[in-house]
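Features as listed in TrEMBL:
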| type | residues | note |
| --- | --- | --- |
| DOMAIN | A:13-113 | domain 'Semialdehyde dehydrogenase NAD-binding' |
| BINDING | A:Thr19, A:Gly20, A:Ala21, A:Ile22, A:Asn274 | NAD(+) binding site |
| ACT_SITE | A:Cys134 | active site, acyl-thioester intermediate |
Amino acid sequence: MTVSELGLAGRIRVGVIGTGAIGQDLVSKLHRSPVLECALVIGRNAASEGLAYAARLGYPVSDGGIDAVLAADRPFDVLFDATSAAAHAEHWRLLADVPTLLVDLTPSKIGQMVVPTVTGVGGVTGRDVSLISCGGQASIPVAHALAERFAVDYIEVVSTVASTIAGRATRLNLDEYVATTQHAVTTFTDVAETKAILNISPAVPPATFRTAVHAVIPGADVAGVRAVVDEVAARVRAFAPGYRVTACSVAGERVVVSVEVTATSDVLPPYAGNLDIINSAAILVAEQHAARLSPAAGTGARA
Amino acid sequence: MTPVVVHDPTLRDGQHAVRHQLGVAALRGYAEAADAAGVPVVEVGHGNGLGASSMQVGRAAVSDDLMLSTVREALRRSKMGVFMLPGWGTSSDLRKAIAHGADVIRIGVHCTETSLAERHLGWLAEQGAEGHCVLMMSHMASAAELASHAAAAVGYGARAVGLMDSAGFFLPQDVTSRIGAIVAAVDVPVIFHGHNNLGMAVANSVAAAQAGARIIDGCARGFGAGAGNTQLEVLVPVLERTGFSTGIDLYGLLDAADFAERELMPAPPTTGTLSIVSGLAGVFSGFKHQVLDASTRAGVDPRDVFFELGRRQAIAGQEDLIVDVVAELGRTAV
């Protein structure tokens, strides 16, 4: 096969649908990936800032929405879906017969749920991966670690996102955010009673993304909790370097762990750690998929 | 006399004062008393509304289902109201509340985040339900901003819209300008919900009615977070004396308030130190218990905690910031 038939230098073909802040940051992260080729960025508005950004970086763009994906001359290996929960359900239906791995950044709850430090990124078996929600990506590592180490009676995750980066789809998808995040917390902690809450902060300057994990843990000790949490935070920092524990409090059986995440991104402001952590997880999933499609992809030679 | 609708969230906002621990007998007894007095709307729920029982704010003694069925059974004439914060409760909570017979469904949003209510207000309008939108922490926005957000809420489907002075920060002239701007911008009834941190709740409510608000909130004995809300049994006769008719029976109202003092609360709210400080700091009074608990454990001054929360522009629902602020102040103190 020729180099062009192989794709650029053996990279796998990745499409991005959705041109809001998540979509733009994904494009910037693809731009830095040695194994992922940004083959098309798809929006629905030719004048959108997201399409203009992708075009400036030299990537093909389309304002044709999902039709542009279906019309592509050959399937994408991976399609990042940064639209909305309802749109993702429709995309999943339309792409049922296309051999593309869908990596879902909406809270649609359709695909196989991945939290890198909990599930790993190598065990993807279906064709739809759910990144759950930004609050899920930030809170579940801590919630899961606490549930592994202690007998937890109840767990609750409360995230706060800056208003300036909560786009329209996020605002219309609060119900799905709550349901999907809670479902994931229950699944990964095996705690029967859980709750998820999202606050949107209007503070100026914007507030750094944060998540509080509340838990009822009879007999918890602060040193034990702190050790568990510090260990898991270090593992999350391997792919989301702005992840840090800001407070850890134990009062009787009530435990509160607060985490802040700052963004490391070419396009996001530092406070937008919510988008950075979910997108970094999505990139890990895609890079792992690249390695599976082509074990030599990382060296630039596709089998 | 100009008619105003008095909306009574005693059994919802009052929950903040007792850590969301109102029991079934208290809910039933107060709802019956308010109904007998002819209070038009009796609102019930966890302090932060449907689906909000949580460690973040406090876990309720009674489930939403039981609260709503209890109060529904107790009301013969009064409408039943509920409250929901998007991101805390969801559409499925709204569906359940309507199935329980809720008549007035209020969606609360931070005053500059009205678009968070777009979906729920639209859904309520589709159901033909009476959906209201209340803009919380309304001291954090100008009259013009509030008017534009109120108009947006009406565009989404709200059948009434208005302000909550969640931190009890306003003085009467602040209310006059803000309510006036909203009245000029919308063609639905305008709501005012006062808090009493600076002793202004009744005066602010009268100012709101005079500026054109037609739904005024009040709680028996002011039952509510911190310094409490507008005191209902004071509000009603004062409104009547200033030219507004409420349709509420005075003796029945006084009986309901006596019941509330006896059965709902250990003591009526007072304007204590932390209520004044939260009002000055512009922080939701409902943070009081948690600020006090965490500050006492860490040996920091709870007044400093409130002012730091104000500096960080904490909004209703952000109780998780308290632990961080206390930890930070604790570190700088040693």
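Using the three backbone atoms N, Cα and C, a Cβ is placed for every residue, glycine included.
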A:Asn274 (NAD(+) binding site) in three-state DSSP notation: helix
Secondary structure tally of the domain 'Semialdehyde dehydrogenase NAD-binding' (A:13-113) (DSSP, helix then strand then coil): 35 helix, 24 strand, 42 coil
Set of same-chain residues at least 6 away whose C-beta sits under 8 angstroms from A:Gly20 (NAD(+) binding site): A:Gly50, A:Ala82, A:Gly167, A:Ala169
Cα-nearest neighbour of A:Cys134 (active site, acyl-thioester intermediate) within the listed binding-site residues, A:Thr19, A:Ala21, A:Ile22: A:Ile22
PLDDT averaged over the residues of the domain 'Semialdehyde dehydrogenase NAD-binding' (A:13-113): 96
Which of A:Ala21, A:Ile22, A:Cys134, all recorded positions, has a Cβ with the fewest other Cβ atoms inside 10 Å: A:Ala21
Local Cβ density at A:Asn274 (NAD(+) binding site) - other Cβ atoms counted within 10 Å: 30
Binding residues A:Thr19, A:Gly20, A:Ala21, A:Ile22, A:Asn274 (NAD(+)) - maximum C-alpha distance in whole Å: 17
A:Cys134 (active site, acyl-thioester intermediate) in three-state DSSP notation: helix
